Structures are given as structure tokens and as C-alpha cells.
Amino acid sequence: MPISLGNAFIKNFLGKAPDWYKVAIIAFLIINPIVFFLINPFVAGWLLVAEFIFTLAMALKCYPLQPGGLLAIEAIAIGMTSPAQVKHELVANIEVLLLLVFMVAGIYFMKQLLLFIFTKILLGIRSKTLLSLAFCFAAAFLSAFLDALTVIAVVISVAVGFYSIYHKVASGNPIGDHDHTQDDTITELTRDDLENYRAFLRSLLMHAGVGTALGGVTTMVGEPQNLIIADQAGWLFGEFLIRMSPVTLPVFICGLITCALVEKLKVFGYGAKLPDNVRQILVDFDREERKTRTNQDVAKLWVQGIIAVWLIVALALHLAAVGLIGLSVIILATSFTGVIEEHSMGKAFEEALPFTALLAVFFSIVAVIIDQELFKPVIDAVLAVEDKGTQLALFYVANGLLSMVSDNVFVGTVYINEVKSALMEGLITREQFDLLAVAINTGTNLPSVATPNGQAAFLFLLTSALAPLIRLSYGRMVVMALPYTVVLAIVGLMGIMFFLEPATASFYDAGWIAPHTGDLTPVVSGGH
């Protein structure tokens with residue numbers, strides 16, 4: 001029976017999303033203007049943030065771009081923020097957007113090399129605990145020099161490769177032409193293996209994700225907000241590393257211990273081993289690849305290896321904006337591996353562009369947070385505290401809590417600007433400012449692993465094409481991140497309270513760093 005036109009509109013709205021979800025989004029769209037105009041703009045702002053988090057939490061039911069975008073468009077339409085403020089946010093974050101557009105696509109053209117290296121690691125290390133530590137450590141090391149998003153893009157690219165190899169064989173299809181998103185052709189015997197394999201990949205991805213946070217906090221190029229904080233404090237690479245170390249070193253060590261413990265104890269969804277059948281398939285695949293590898297393929301691997309060296313050097317030395325380095329990777333990799341058709345290049349951009357659009361929506365929510373001054377009460381309360389030690393601990397906690405709901409780049413920027421203003425007005429000393437900058441940096445980077453909205457890398461993982469394949473939902477990510485969240489947050493707080501001041505004083509005495517004197521550059525705008 002054909003449906004009526006009215007029903008057709010309803011059916012088309014948000015497509016296959018469940019009916020209750022559609023009703024919830026429509027309810028949000030009706031409630032927001034009422035709260036904004038009749039009750040309180042501040043309450044409406046927090047309501048919008050909560051609704052946006054809800055759309056992220058339901059990412060597997062419906063990609064957050066559509067519902068989140070509708071909420072953002074309405075927020076701008078009713079005056080919660082302005083298109084100019086949204087544009088200001090986007091312009092201020094142009095580096096992150098360029099990174100997503102070009103760097104993720106650049107990694108796509110390095111796939112053969114990455115699969116080659118990671119297959120060796122995966123098949124070479126039999127112990128799951130050691131393998132998890134290797135993934136966590138490698139992600140941390142890379143994130144200290146590259147951006148966390150780039151590292152996660154690498155890991156996702158590798159995981160999709162592994163997943164599709166097994167899926168093809170289990171479905172009885174030839175390696176060439178196969179759709180790894182469909183499970184219909186898989187037999188019951190292999191279905192258990194597939195579930196275990198999904199759990200295995202999930203745990204490795206989460207270890208790598210947390211690894212990016214462990215490494216990203218240590219250096220000024222690790223995360224975008226680190227650059228902003230270092231810039232405001234006038235620190236260079238070496239000084240940033242040394243000033244952070246009283247907090248970041250204990251956190252890094254405890255993070256790796258946590259990684260080993262959750263695997264050994266098989267808690268919080270960790271501990272799944274690589275099923276033997278799957279290992280055999282990967283071993284066969286590796287052998288087959290080696291047999292059929294021509295000189296042309298070997299040449300491609302060499303070229304990709306050289307480009308990988310260029311990528312790490314260029315990023316570590318900050319030779320250009322991250323996205324532009326990504327563009328150079330695309331140009332070099334495609335030129336020297338012979339990818340010259342437009343349609344075969346287009347595939348590389350499929351993964352990141354929906355997320356880039358989602359991030360633009362995210363920044364419009366950030367614009368609402370700025371215009372409605374949603375974080376102001378928290379910031380004012382913390383700055384009003386007299387005792388310096390308590391102030392440090394509170395800054396860390398407040399940053400951590402806000403970073404869990406909002407983008408850590410935004411939280412870090414807002415806080416460092418407020419502290420800078422306090423310094424300019426003579427409310428705090430330069431010495432206290434330096435300590436607070438450490439508290440802000442570690443506060444935004446460490447506890448924010450709690451939820452995918454805190455870390456852009458986690459959000460990218462959650463909304464990637466891989467997440468539904470390995471059944472990685474928002475809730476599952478929060479549960480799997482929980483042991484790390486607790487350990488990182490508590491050890492970080494201990495570092496701030498007990499190690500930071502004495503260690504900084506001994507660094508001064510040893511002459512590794514010198515106390516800063518004099519004024520700083522004026523404060524940057526409230527954006528980023």
C-alpha cells in the first residue's frame with residue numbers, strides 16, 4: 001500500500017533513524033526557542049550543549065551531522081550566536097579543518113606501507129598484553145610529534161585493512177571485490193571468530209586512542225591547545241616538555257600500567273585475544289602478498305617510507321600548517337605511486353569530509369558557549385580562590401570537567417586567556433601563571449579521555465566508518481575509557497598538587513629552565 005505524502009515526509013526525515021529518535025530531535029527543536037526567549041538564555045545554552053552531546057552519544061543510530069546541524073542552525077536563527085561568530089571560530093580553527101581535509105586523505109595513500117608495518121607487528125607479537133602496550137606506546141610516541149588526529153587516522157586505516165582482509169576470506173569472496181560492511185555471507189562458525197576479532201580490534205583502537213592523549217599532552221605540538229598555551233606563555237619546545245614533565249611522566253607510566261592491567265584482568269571490555277582462525281588468515285594473506293609483490297609494489301613501499309620520514313620531520317619541525325604538510329603528502333604519494341585518475345583520488349576524501357562538516361557544526365555550538373558565556377561562572381569561581389595550591393588543583397579539575405563536555409581546544413583557550421588577563425591586571429604573579437598554564441594544559445588533555453566529545457581524535461574514531469563495523473558505540477567507548485579516565489585524572493591531580501611546584505623549583509636550580517620575568521604579549525580573542 002502506498003504511503004501518503006505527509007507520511008513520506010516523516011519517513012524521509014532522518015531516514016532510518018528510530019522513530020523515538022526523530023521525535024526527540026523535533027522536541028529539542030521546539031523546546032529550545034521557548035527556553036531561550038521565555039525562561040533564560042543561559043539555561044537554553046546548556047540545554048543545547050546537552051542535546052548536542054546526546055546526538056554524539058547516538059552516533060550509531062544517526063550520524064550527528066544532521067541532528068546536530070539542525071540544532072545549530074536553529075540556535076543561530078534564534079540569536080543564541082551569530083554567523084559571524086561561527087565564522088570566527090572556523091577561521092581560528094582553520095588548521096584543524098585543513099588537517100582533516102588533507103592529512104587524513106594523505107594517510108590513505110600511505111595505506112600499503114602502514115598495513116605492511118602493522119601486519120608485521122600484529123603477527124610478530126603473540127602476547128595480547130605486549131601487543132596492547134606496543135599500540136599504546138607507539139600511539140603515544142607518534143602523538144608527541146604528530147597530531148593525535150593524524151595518528152588515529154593511521155590506526156583506523158590499519159584496522160579497516162585488517163578487518164576487511166578477514167571479512168573477505170570469511171565470506172568466501174575473492175580478495176579483490178568485496179563489501180566488508182555486509183555480514184550476510186558469513187557462516188555461524190566464523191561468526192564467533194568475527195565477534196572476538198571485533199572485540200580484539202576495539203581494545204587495540206582504544207589503547208591507541210588513549211595513547212594519543214598520553215603522548216599528546218607532553219609536547220607543544222601534540223595537541224592544538226598545547227600550541228596556544230605555549231604561545232601565550234612564551235615557551236619553546238624544550239621548555240614546554242620540561243615544565244609538563246612533573247605531571248606527564250607519572251601519568252604516562254601509570255597509563256601504560258593501566259593498559260597492561262586491563263588486558264591481564266580482562267575487565268571493561270578488554271582482554272579479547274586474536275582468534276587462531278583469524279591469525280591464520282592474516283598469516284596466509286601476508287604470505288600471499290609477499291609472493292605476489294612485484295618490483296613496482298616494492299618501489300611503492302619505498303616511496304611511502306620516504307614520504308613517512310618527510311611527514312614526521314616536517315611535523316616535528318613545524319615547517320608548515322599540518323594540513324598543508326598533508327597536502328604535500330597527497331601530491332608526493334600520488335605522483336610517485338601512479339595514482340592519477342580523479343575518481344581514485346576521491347576515495348581518499350570520503351572518510352574525513354563528513355567529520356569536517358560535523359566539526360564545523362561543533363564550532364557553532366562552541367560559538368554559543370562563548371556568546372552565552374556558559375563557562376563564565378566556573379572560571380570566575382576558580383579565579384576567586386586565594387590559596388595558590390588549591391587554585392592549581394581547582395583549575396585542573398574545572399578544566400577536566402569542562403573538557404569532558406566541550407572541545408578541549410576551546411576549554412584550554414578560554415582558560416589560558418582568562419589567566420592571561422588576570423596576570424595583566426596583576427591578580428596573579430608570573431610564577432603562578434606558569435604553574436597555572438601547566439594545570440590548564442594537563443587538565444584539558446588528561447581527563448577529557450572520559451568522553452568522545454572531549455578529544456577530537458576520539459570523536460573522529462566514533463564517527464568513522466570503522467566504528468559500526470567493530471560495534472564501537474559512544475557508551476562502549478565511555479566504559480572502555482573509564483579505567484584510563486580514573487587513573488589519568490587522579491595521577492594528573494596528584495602531579496599538580498604534590499610534584500609540580502617542588503619539581504619546577506628544582507628545574508630552576510639545575511638551570512634547565514629560567515623563571516620568566518617581564519610582560520607577555522596581549523591576550524588573544526575569545527575564540528581560538
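Backbone N, Cα and C define each Cβ position, glycine as well.
Residues 14, 51, 54-55, 67, 70-71, 74-75, 78-80, 372-374 of the same chain lie 6 or more positions beyond the ends of the transmembrane segment (23-43) yet place their CB under 8 Å from a CB of it. The feature transmembrane segment is assigned by Swiss-Prot to 23-43 (among others), with sequence analysis given as support.
Sequence annotations record features per position, and here Swiss-Prot assigns transmembrane segment to 45-65 (among others). Distant neighbours of the transmembrane segment (45-65): 14-15, 17-18, 21, 24-25, 28, 31-32, 35, 71-72, 75, 80, 354, 357-358, 361-362, 365, 368-369, 372, 374, 405-406, 451-453, 459, 462-463, 467-468, 473-475; these residues of the same chain sit at least 6 beyond its ends, with a Cβ under 8 Å from one of its Cβ atoms.
Listed by sequence, the residues of this chain that lie at least six past the ends of the transmembrane segment (90-110) yet keep a Cβ under 8 A from its Cβ atoms are 147, 149-150, 153-154, 157, 224, 304, 307-308, 311, 321-330, 333-334, 337, 339, 347-349, 351-353, 355-356, 359-360, 363, 409, 456, 460, 525, 527-528. What Swiss-Prot lists as transmembrane segment is 90-110 (among others).
What Swiss-Prot records for 136-156 (among others) is transmembrane segment, and it gives sequence analysis as the kind of evidence.
Tertiary proximity for the transmembrane segment (204-224) is limited to same-chain residues at least six positions away from its ends with a CB under 8 Å from its CB atoms, namely 93, 95-96, 131-133, 135-148, 151-152, 155-156, 159, 230, 235-237, 240-241, 244-245, 248, 251-252, 255-256, 259, 270, 315-316, 318, 408-409, 441-442, 445-446, 448-449, 455, 457-458, 461, 466, 470, 472, 477, 480-481, 484, 488, 528. Under the heading transmembrane segment, Swiss-Prot lists 204-224 (among others).
Here Swiss-Prot flags 237-257 (among others) as transmembrane segment, drawing on sequence analysis. Note on the transmembrane segment (237-257): residues 133, 136-137, 140, 210-211, 214-215, 217-221, 226, 230, 434, 437-438, 441-442, 446, 484, 487-488, 491-492, 494-496, 499-500, 503-504, 507, 512-513 of its chain, located 6 or more positions outside it, place their CB under 8 angstroms from a CB of the stretch.
Taken from Swiss-Prot, the feature transmembrane segment applies to 305-325 (among others).
The transmembrane segment annotation in Swiss-Prot covers 350-370 (among others), and the record cites sequence analysis as its basis. Outside the transmembrane segment (350-370), and at least 6 residues removed from its termini, the chain residues within Cβ reach (under 8 Å) are 45, 48-49, 52, 63-65, 68-69, 71-72, 75-76, 80-82, 85-86, 88-90, 93, 96-97, 100-101, 104-105, 108, 153, 156, 406-407, 410, 414, 456, 459-460, 463-465, 526-527.
If you look up Swiss-Prot, you'll see 392-412 (among others) marked as transmembrane segment, on the strength of sequence analysis.
Among residues of the same chain six or more beyond the transmembrane segment (450-470), those with a C-beta under 8 A of the stretch's C-beta atoms are 53, 56, 59-60, 63-64, 96, 100, 148-149, 151-153, 156, 159-160, 163, 180-181, 198, 201-202, 205, 209, 212-213, 351, 354-355, 358-359, 362, 403-409, 477-478, 481-482, 485, 489. Per Swiss-Prot, transmembrane segment is recorded for 450-470 (among others).
The transmembrane segment feature in Swiss-Prot is assigned to 479-499 (among others); the stated evidence is sequence analysis.
Against the transmembrane segment (479-499), stretch 392-412 has more CB pairs under 8 A than any other of 136-156, 305-325, 392-412.
Note on the transmembrane segment (305-325): residues 94-95, 97-103, 106, 110, 113, 145-147, 150, 221, 332-333, 336 of its chain, located 6 or more positions outside it, place their CB under 8 angstroms from a CB of the stretch.
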